[in-house]
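What TrEMBL lists as active site, glycyl thioester intermediate is 241. If you look up TrEMBL, you'll see 76-81, 100, 108-111, 124, 170-175 marked as ATP binding site. The Zn(2+) binding site annotation in TrEMBL covers 224, 227. Look at TrEMBL and you will find 375-458 tagged as domain 'E2 binding'.
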């Protein structure tokens, strides 16, 4: 665990002038210093998720660690990411990176408060970093490094430098990737013991309208994001037969306009989801189709929501969830209080209340468990393609899985030559490729580094 204990000793060596008195005179983080120097009945070591031992006598050194050494990564610079960045830099952290692949849209401006109309079209991460640096002034010691990239574009060594990661993503697949990444970085010895120096806490936040959640993930110690994947429904999709022949909902009409009518009307033009002209065309086409079938409720905002898969966002919910995440960040890096164990739900749609509980580890989690999963199949009627379809279905929700046995590569997604060579196996029955009880190794974009799914295939016994 790369947090306050190790950091404090080196910080005191590098900056001997930093004292409690000098920090009080500075006043910028005087309240945080008071927390760090006050003994508590609930330090980190008394928590179910104990990361270290709290030492009030080392308050100045602990704060110096936050200000001089602690490297923080914020993933996402949208509604939640803007709140996270603001709270992080105002809480004593000064070495901050922020990564986001998106650019600013005019629809972001009502809640992503670090952006202005003049910023539309620019990278979110870069504008957020510029705004905060400008607001803090030239005398600030805060260093914010933006990255206009996908999280998958950065190599593992980039992530290894951080003491803490805060995630404000609205994309399930990206959250799965980040979760898999931090689990892969936590090294385990032959006896199954985790090396504390390789643990990077992940604080995952998410919001939807008036609801939100904040979560503490300590890789290989607590449950991981993948353990709770079933709590997140698969992305909404519509059967083509329904939207083409028997539409019943406004969303069916919008999906038809988007998936069928646009390609027919403009075969040479790819739909630009950020173009007001393109989206207005989809809206009008969907509205006309809805009128034909007597369906009410097609609006421009719903059109944007269906086409762009927009999650409803409320600024105040982002603020609530961000505050919880950054409070946990302070505790994780200073040990000044008990960490949340480990999942917090905020419900604001029917009143305002919350619920904190321990989301338990899934014994057969495909990411954080070393236990193989077992699948029973009829080997004489199930083809490798059918198994591949199951892996991409609701039970596993993999993206582009490759399948290997102990003897051979059964199907590989890439490179192209290997995919072509192994594609001939897709139509073969499992009984032609493997034996009863064989353990297959499944790799996928969801798994980072050496992580993979071990899947034991048992042949169903015939009566």
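Glycine is treated like the rest: Cβ placed from N, Cα and C.
Keep in mind that this is a model prediction, so the values were computed, not measured.
In terms of Cα spacing, the recorded positions 76, 100, 110, 241 all stay beyond 10 Å of residue 227 (Zn(2+) binding site). A sphere of 10 angstroms centred on the C-beta of residue 227 (Zn(2+) binding site) encloses 22 other C-beta atoms. Note: the Cα of residue 173 (ATP binding site) and the Cα of residue 224 (Zn(2+) binding site) are spaced 14 Å from each other. Each of the binding-site residues 100, 173 was scored by the other Cβ atoms within 10 Å of its Cβ; the lowest score goes to 173.
Cα of residue 170 (ATP binding site) to Cα of residue 224 (Zn(2+) binding site): a distance of 17 Å.
Highest Cβ count within 10 Å among the binding-site residues 76, 79: 76.
Put plainly, the recorded positions 224, 241 were compared by Cβ crowding within 10 Å, and the winner is 224. When each of the binding-site residues 110, 170 is scored by how many other Cβ atoms sit within 10 Å of its Cβ, 110 comes out lowest. If you take every residue in the domain 'E2 binding' (375-458) and average the pLDDT, you get 91.
Residue counts for the domain 'E2 binding' (375-458) under DSSP, split into helix (H, G, I), strand (E, B) and coil, are 23 helix, 22 strand, 39 coil. The closest partner of residue 224 (Zn(2+) binding site) among the recorded positions, by CA position, is 76; the full candidate set was 76, 79, 100, 110, 241.
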